[in-house]
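Got a structure for you, questions after.
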Amino acid sequence: MKHGIHFFNCSVLAVAIQDFTAVIKENPSNAQARLYRGRAYAMQQQYRKAIEDLAAAVHLDPSCWLAFYYRGCILQQIDPKRAVQDFSVSVLINDTKENLYSFLHRGIVYSEQCQWSLAICDFESVLSLDSSVIFAYLNVGLILLLHLDQYYEAIQQFTSAIEIDPLNVQAYICRAQAYHEIDNLVNAVKDINRAIHLYPNKSQLYVLRGQYLLELKKYNLASLCIHQLAEIDEESFTSQPVLQALIQSCCQNHNKAIECLREATATQLEPSMFVILGKIQMKAKKTKDAVRSFKKAMELLITSEKVLPYTFEAAEMYYLTGLCYMEQKNLLRAHDAFSMAIRLHSRYPDAFYQRGLCGMELRQAECIQDFNQALALCPSHFQAYMGRAAYYGSEGRYSKAILNCNEAIKILPNSVRAYFYRGTLKYQNQTFREAVEDLSKTIDLNKTCILAYYNRAVCYHQIKDFRKALKDYGVVLLLELSKEIALKVLINRGLLYMELGDYANACEDFKEATLLSPDDSQLFQATGICYRRLHEFEEAVRSFDRALKLDPVSVDACVGRGNSYMENGHKAGCKQAQKDFLRAIHLNPQCVKARIGLGYNLQALGKLQRAWSQFTVAIYIDPKCHAAYDGRASVCLQMGETFAAFQDTNAALKLTNTAPLLTNRGVINQMMGYLPCAMKDYQEAISLDPNYALAYFNAANVYFYNRQFSQAYCYYSKVLQLDPRNESAIMNRAITNTLLNNIEEAKEDFEKAICLCPFSAAVYFNRANLYNGLKQYELAEKDISTALSFQPNDALMYKFRADIRSKLGFNKEALEDYKQAISIQEQID
């Protein structure tokens, strides 16, 4: 046995086999002899005999892990399933470093069977046993790179291999490819440079480096790479003008490439040469020259029967000619060229697709048949699915268009175009949340896709997610974009700000939009509306003036300017507003807004009957206009027609249920003495809009009237939370605090009221009442005197001051006040 093992180790296999055979004859149950003879047979490529011996060794010694390992190695190519079983048994018996090759070979088998996760597990087991096995790192890295798209993890594996062996060229090449996949072209070039340094005569490495440099747009360096490649194999490079032309074209030197091929075509009149020349001319955007080259190729291809052969080569020439005509926007000629290509080669999916695009541009319904035919010939034709989606989208059949985008995404799962178009289709289909998902995926794939941000902002706007919409609009404006898109973004963002009630920012956006489009009257009109909401009425009037200069017959601009004049509060403005409302009615007698504006204008001028008539006409024009009913109700109330006002307010409430209308009805009920009904209306208004201060104020007044001072105090406080500068609420709360004996709070409220209305006689009168109750007569006398300075013809105030002065002992002054009070009262009577 020892003799045989010696010759086995010395690779004298014939003698070793004789010795092992002698041992087996003497002792048929010797497992070790069977193992060694099986290995020797395997080394002599006598695999059948080897498998028999190894099987016998396994039978005689089931714990012989080497026998399982070697049998697995032999079966690896011919029976992978049994090989995996043998490797598995081997590692089950011995899973130490001694048997790491069983893990390694089983990993290789799993890789060949595309069982990537199992293969990675085995290679990782090898590395856990011996971390210096470069082959395992490379295999794990290649699986992650080529099959699982886990590029960053693959880079880590190749880096580990390089750390162990810095001279391993394969690791550098693989890592360069991984860097290329994640668009880290700088590091990719560095790794290829290292590989070239190790193997300077390997031409494929120069080609790879040239490709990466082209993608980095470093054309001079790429060209240098090509020259280095030419030096490596100069003879074959210079003798092939086509190769030279293609390389020059790759380096964006199209003119040099065209020169090179023209020289070649002068001596080599071959159709293929002219086709290549035409393709390069297409790259150089010289489509007319390209068409001439393709026609020359067709002339050379014509047979003796003066017809083109029915071959793909001939069809491609017409196909390329059609592309040139498409570039020239000559759709009819392009359509004919693609039709000719299909006639020459009926199984040409790209030709069907391009003819379908032409047909779609020419509004031909049969274009869908071309897309269908392209997909019948090539079911994985991404462009055909996208073309069909575009056709169905243009027809308004959004669901079918989306289904085609789904199929396109199955073919190219990371297509920016497919996700973007599907997102826009979902927007058109009004499924905004799903559209946001697709547009977000588009942005993940391409961070600088301006239209994706813009469309996603529009979708967010539709679903009322205003914060995200504003963020996306902002991103679009930060990116480099066209004037048209910037204008749309500013208009949309301005409208969004208006919807949020942020008129200041809306105004800024519309002002910026007017700089981009100074002839758009609508923009000036929108700016005017914003200024009006901001109570900057003079600026609003100027904006509406500009809108009317651009569009003198704009009814909305007339109404907007009229409302701005009205809200400015000047008498002259009120007259001017009337002119604008009348002008709007002259331009459009059916304009309800103009009639309502004129109604309020006439009411403000005291012409109540004419105002009533305008509101009535507005109701006649639009019986569902609640604003007209509300306006007429206010006029009726002013005319003393309380019941008519009540009826109009009820009619408005049947059309729309708003807090202001409910509050108005509550006021009317209060005036008619129906306090429970009034309170019910106020409470309903509060439940409808918890931030409507006027409803709280009126409800507080009812509580005050009913002497429910605690409730009145709470409601006045709520009014002041919503509207801190409401002087009436502050004064009423001060009086309520006086009645509740909250003296300090009452004093504070009176101070606040005086700060807000320093010339209000009522505030000083009521504080005088407070001081009088506190027997602080000097302060009371001072306040009532101040009140009389603002309101000198009030008999009650004179009587009150007379009472206070008599308490202070100023009898003479008190007598004069009593006389003055009597005199004023007699005049009134």
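Along the chain as shown, the residues are counted starting at 1.
Just so it is clear, glycine is given a Cβ too, placed from its N, Cα and C backbone atoms.
Since the structure is predicted, the reported quantities are computational estimates derived from the model, not experimental observations.
OK, TrEMBL features for this one:
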type   : residues : note
SIGNAL : 1-16     : signal peptide
REPEAT : 31-64    : repeat 'TPR'
REPEAT : 169-202  : repeat 'TPR'
REPEAT : 271-304  : repeat 'TPR'
REPEAT : 315-348  : repeat 'TPR'
REPEAT : 382-415  : repeat 'TPR'
REPEAT : 487-520  : repeat 'TPR'
REPEAT : 521-554  : repeat 'TPR'
REPEAT : 659-692  : repeat 'TPR'
REPEAT : 693-726  : repeat 'TPR'
REPEAT : 761-794  : repeat 'TPR'
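How buried are the listed features, and what sits near them?
Same-chain residues lying 6+ beyond the ends of the repeat 'TPR' (169-202) with a Cβ under 8 Å from its Cβ atoms: 134, 137-138, 141-142, 145, 149, 151-152, 154-155, 158-159, 161-162, 208-209, 212-213, 215-216, 232.
Within the chain, the repeat 'TPR' (315-348) has long-range Cβ neighbours (under 8 A, six or more residues past its boundaries) at 271, 275, 278-279, 282, 285, 287-288, 290-291, 294-295, 297-298, 301, 308-309, 354-355, 357-359, 361-362, 377.
Within its own chain, the repeat 'TPR' (382-415) has Cβ neighbours under 8 Å at 349-350, 352-353, 356-357, 360, 367-368, 371-372, 374-375, 421-422, 425-426, 428-429, 445, counting only residues six or more beyond its boundaries.
Listed as Cβ neighbours of the repeat 'TPR' (487-520) (distance under 8 Å, sequence separation of 6 or more from its ends, same chain) are residues 454, 457-458, 461, 466, 469-470, 473, 476-477, 481, 526-527, 529-531, 533-534, 550.
Long-range Cβ contacts of the repeat 'TPR' (521-554) within its own chain (Cβ-Cβ under 8 Å, at least 6 residues beyond either end) map to 491, 494-495, 498, 503-504, 506-507, 510-511, 513-514, 560-561, 563-565, 567-568, 573, 587.
Look at the repeat 'TPR' (659-692): DSSP puts its residues at 27 helix, 0 strand, 7 coil.
Across the range of the repeat 'TPR' (693-726), the DSSP-based residue counts are 27 helix, 0 strand, 7 coil.
Taking Cβ pairs closer than 8 Å, the repeat 'TPR' (761-794) reaches residues 727, 731, 734-735, 738, 743, 746-747, 750, 753-754, 800-801, 804-805, 807-808, 824 in its own chain, all 6 or more past its ends.
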Within the repeat 'TPR' (315-348), how many residues are helix, strand or coil going by DSSP?
27 helix, 0 strand, 7 coil
From the DSSP assignment alone, can you count helix, strand and coil residues within the repeat 'TPR' (521-554)?
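Looking at the repeat 'TPR' (521-554) with DSSP, the answer is 27 helix, 0 strand, 7 coil.
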Helix, strand, coil: count each for the residues of the repeat 'TPR' (487-520), based on DSSP.
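The breakdown for the repeat 'TPR' (487-520) reads 28 helix, 0 strand, 6 coil.
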Which whole number is the mean pLDDT over the repeat 'TPR' (761-794)?
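Across the repeat 'TPR' (761-794), the average pLDDT comes out at 87.
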